[in-house]
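The region 'Disordered' feature in TrEMBL is assigned to 56-85. According to TrEMBL, the feature compositional bias 'Basic and acidic residues' maps to 59-85.
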Amino acid sequence: EKLESEAKCLVFKNADIEAVISKLKEEMEALLENLRASENKTKELSLKISSLEMESNENYEKMQADAQKKAEEMESLQKESERNQLRVDSLSKEVNQLQSVIEEKELLIHQCKENEKKLDLKTTKDKELLAASETKLVEAKKQYDLMLENKQLELSKHLKELSQRNDQAINDIRRKYDAEKQEIINAEKDKVEKVIKELSTKYDKELS
């Protein structure tokens, strides 16, 4: 009975052990399954990491290439900007030079206009002086003609008085009259020529 009881006890224990072993097997299989799942996930993550690293490297290389390209473009734009600035400075210098030329030209034009006005004013004054001189000359000629006429009348009257006295005396008087007449004519002619010469000299000086 004791052996039977121990046998039964062993059977129960064996059954318990088998149950435990079965349970452990199930747990081991579950663990193995989880381990395989973890390995698969690890592989997937590793692949994703590799893919991301490759993509990151590609993006880095692309960004580096873009940065290099941008740097080259910026350098090109900087050089172009410097060339444009030089061109602007050159054009600004040319504009300043042209402005100076224009101002100088305007000043010369103004001076020419002022000189022209002065010359016109002098010409007008000279014409007025010439007209006044011509008027004086005409007046002097009128006075001379009147004086000559009076002299002629006086001489005619005197000649009539002396005609009966002496032909020689008449001739002497006539010669005297002719001499006086020529002297007066020469004197008036010299005056007129002197006035005209003075006006001509003054006008030539002002024009030069």
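Placed from the backbone N, Cα and C atoms, the Cβ positions cover glycine too.
For the compositional bias 'Basic and acidic residues' (59-85), no residue of the chain approaches it from at least six positions outside its boundaries, judged by C-beta separation under 8 angstroms.
In terms of DSSP secondary structure, the compositional bias 'Basic and acidic residues' (59-85) contains 27 helix, 0 strand, 0 coil.
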